[in-house]
Every structure is written in C-alpha cells, then in structure tokens.
Amino acid sequence: MTRYIFVTGGVVSSLGKGIASASLAAILEARGLKVTMLKLDPYINVDPGTMSPFQHGEVFVTHDGAETDLDLGHYERFIRTTMTQNNNFTTGRVYEHVLRKERRGDYLGATIQVIPHITDEIKRRIIKGAGDADVAMVEIGGTVGDIESQPFLEAIRQLRFEVGAKRAMLMHLTLVPYIATAGETKTKPTQHSVKELRSIGLQPDVLVCRSDHPIDISSRRKIAQFTNVEERAVIALEDADTIYKIPGILHSQGLDDFVVERFGLQCNGADLSEWEAVVDAKLNPEHEVTIAMVGKYMELLDAYKSLIEAMSHAGISNRTKVNLRYIDSEDIENQGTALLEGVDAILVPGGFGLRGVEGKITAVQYARENKVPYLGICLGMQVAVIEFARNVLGWKDANSTEFDSKSGHPVVGLITEWEDATGAVETRTEASDLGGTMRLGAQDCLLEQGSLVHDCYGKDVIVERHRHRYEVNNNLLPQIKEAGLKISGRSGDGALVEVVEAPDHPWFVACQFHPEFTSTPRDGHPLFSGFVKAALTQHQKKA
C-alpha cells in the first residue's frame, strides 16, 4: 500500500518545497523504495501552458505531453520516476472535470459543493497519481493561509484521516529568519505557521526549517516544544551552495530514518554515492567556459529553469565550470554584437512572439560567421533557419509566419498536421485555441549518421520532448538544403525537420525539441555535454 507524505509551506512562498520534497524522495529511492511525486497547484488556470513566463516561470513538459509546473522538472532531476499528466493538477483542472460531470448529469441533480465534490475529486486524483508507488510525495502549492489552497488542504486532511497515521504524514516547510540586529534566529513565524495549520485540522509530523543562518539546538528544541513535533523531526535546512547537497543534508539529520520508521517500511540503508559524486564534480571543476544565453525572458530566470540546470549538468559531466552570461535579445538589437564578444559558445533557447526575435537572429549570425559553437533549441532552431535563409540564400524577407504572416519566404510556418506518439493524426489551424494545442511530449527523431548530433547521441533514433506549433516549411526546404544547411534529424515519420546543422562550422546544432527536459545531474544529457565540450575546445583555442 502506498504511503503519503503531504508537503506544505508556511510564512512565505519560494522556500523550496519542490527541492526539499525531491531531495527526500531521492534518499528514499536510494534506500530501494519506489517513489513518485505530485504537485497540486491552487491557481484556476487549467494548466500553465498559456501563462506568461514572467509570472509562472518555465512550463515543464512531461513524456506524455502534459504542460506542467516547473517543480516536476526538479522531481525528474532528483528521482528516476518519469512524471506524467497525473503528477500535476490545478484547481482549474479539478473544477473543469467536476463541472463537466455536472453537465452530463453524473451527480443526479445534487447540489455541487466544495465539500464533498471538489475535495473528493482532489483525493481521487492524488490516489490515481500515486499509483503503485511505495511512497508518494504530494506537494501543495502556495502558502498555508492562502484562500486558494483551502480545498487542497481540506482534501489532504480527509485523506490523511481515511488512510490512517501509519500511511500518511505531513511535512511542513517554514522560515526561521535571522535578525541581524538581535544576532539570533527567530522561531515565532514558524510557531504561527503551525498554529494556522492546526486550526484547519492538520498537525505537522515533520518541520523543515529554512534559514540563511545555522539554527542551533536550543531553537530547534523550542520549535518542537511549541509545535508538538518530535525534536528529531525538526530539520534545519540552511542555504547550500548547490541544491544537490540537500539529499545529504537531510540524510545526515536522519529524516529518512524517521520516515521509514514512522511508516514501518522494511528497506536498505541509503546509498548516496551518486549524489556525492555529483557534488564533488560540481564544486571541484577542472576547466571553465563562458556561454552566452540569448533569451527574451531574462527578468525571470525561472523561465529557463530546466535549461540552466541542464547546462550545469553538462558542466558536471565534463568537470567544467559553466559560466552563463545572460543576455536579453532586445539588448542585442539595441547595442549590437559587442555583448557576445569573448564568449566560448552561444545558446539560444525557445520562446514565443515577435519581441526580441531580431536580436536572436543577430546572435545566430554572429555564431555562424565567427565559428562560435552554437546550440539552438525550439525557437533557437527556427531563427537559425531564418538567419541562414536571409544571409546565405539572400532571402532578406525570410521569416516565420508567427512573426510575419505576409513574408515572401515563410521558411517557418504553422504545423497543420502531424502524428502524435500513438500514431494518431492531429490537425491545427490558425483558429485553434492556444491552450493544449501544440505538438507536445515525447516524439521519435531519426538522426543522420555522420552528423554532429548523431556523434553526440551515438544512436540512429532518439526520443525527445517537444512543445511547439511552428516548424520548418517543407515547401522551401529543397532550396535551403541546396544552399548547404544540413538536415541531420527528422521526425519519426520523416515529415518534420527536427535538427539542422550549419556547413563549414566546428559545432553548430539547432534542434526543434527540448533536450533540457530529460537532462539529470547524475546522467547529464549527450547534446548538452557535446555543446560544453565544443565550448571547451573553443576556449582552449583562444588561450
């Protein structure tokens, strides 16, 4: 039977519930347990697919094509379990389902209420998402006390009661601030946060106390006394210089032992040698490179969370410190390519909309003409094709129909038809809704032997995740290929361009898929590893 660990946060948001939860999950997995994780988001959007990156940050795409919260990226980077659409749901998704059932008459004329109908649906989804895992970590988004979170908190209160104390526990993250003028940490915010939880019938079993200063034994003892939490279950989690230290920090305080004993689980001790190796490689690099990341959402770097982590993973696998120089593509439009001088490689990630696109195209031209290693992802591939068409073929009006519907040379256009992972044909038009209508999830990609991308993967067929609605225009592809642009990857049915490479260039690869979604700290990712190797070669050439 599955055991549940419900995770809540108090005092302030952004305490790192996702990282802490994933770190505990990683330790339990290292003990031989099957672990899965769920994220419950209290906003009314059905999913984050149409939300602004400036508000929500990254949209993480699962293997089965769900557009989800970025915390699911943390989950997959810390544990081996592959997340699905069942691992993340929102208030909007729950209400949508309940209202659809009401319209069908499934409730037989009953008055639909938050309790029991909404809470029952939340519980049903939690149980379904947990599947047959030994332990399911269930993270509740937001902060205790928020109105939006109340249905979720009531649902976990009910579920905790229904399955019993031997199968459910509550882990609460809280802030223990350090007051510089007093020279001490303060426990009162934590006491009040737990008081708020207890007022709705939830008593924490574990407190994870976040702080930027050490929390001494006396403070932990005081917290335990005033919150009715065992002293051994009051965990001090100070800021760390890398998030991959967190599993070791939690393990050193016996959190996994407490969980295993509480649930009565029989399992091995934790083998954290893989995490120790990751931390060692991260903190003791032998080389260093600087890579320019040219994007349009630089005001909120969480918009590129998986990509930034993937570059870190590539550094780990190459024993190389990767310094990312974050450059807003609009700054290139205004200030020119001087911003790119001195870098060892250039990375252009995905994005939507016209703003900043010309700056990205200029960055591609700089990389291609100056033989600087280049990796383009999603829009980064599309702008690479546009740049090549403009400056090599001489099609000065070349563009994507996303940015200029009247372009004389629309080298990138809307995908109107494609096969999904099951072989079913999906169609789209300009009139289709924005939400949930992209080419999403894992798709086969056929690689050309002898290409740079094939050298990276060492395979003829790969599977990578997608999130896009525009593609290279096959009608103009013959001229583009004749001019020298190499098509080194195609979709499984051969219909869509997946990877392009520039001719006469040491390392220029652009892909339509999002490889960052499958990169992990322990295994890295072959494409990012190859990119960092190319940057290192470039750096050594300049030395």
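Keep in mind that glycine also has a Cβ here, set from the backbone N, Cα and C atoms.
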Per Swiss-Prot, member of ASP64, ASP69, ASP71, ASP106 binding ATP alongside SER14, LEU15, GLY16, LYS17, GLY18, ILE19: ASP71
Identity of the L-glutamine-site residue among GLU333, GLU402, GLU448, GLU482 (reference: GLY351, LEU379, GLY380, MET381, GLN382, ARG469, source: Swiss-Prot): GLU402
PLDDT averaged over every residue in the domain 'Glutamine amidotransferase type-1' (290-541): 92
Site extent for ATP (largest Cα pair distance over SER14, LEU15, GLY16, LYS17, GLY18, ILE19, ASP71, Å): 13
Candidate with sparsest Cβ neighbourhood (10 Å radius) among ILE19, ILE147, CYS378, MET381, the listed recorded positions: ILE147
Extra residues within 8 Å (Cβ to Cβ centroid of GLY351, LEU379, GLY380, MET381, GLN382, GLU402, ARG469), L-glutamine: GLY350, PHE352, CYS378, VAL383, SER400, VAL412, HIS468, TYR470
Distance check against LYS17 (ATP binding site) for the recorded positions THR187, THR190, MET381, HIS514, keeping those with Cα within 10 Å: none
Pairwise Cα distance for GLN382 (L-glutamine binding site)/THR190 (UTP binding site) [Å, integer]: 49
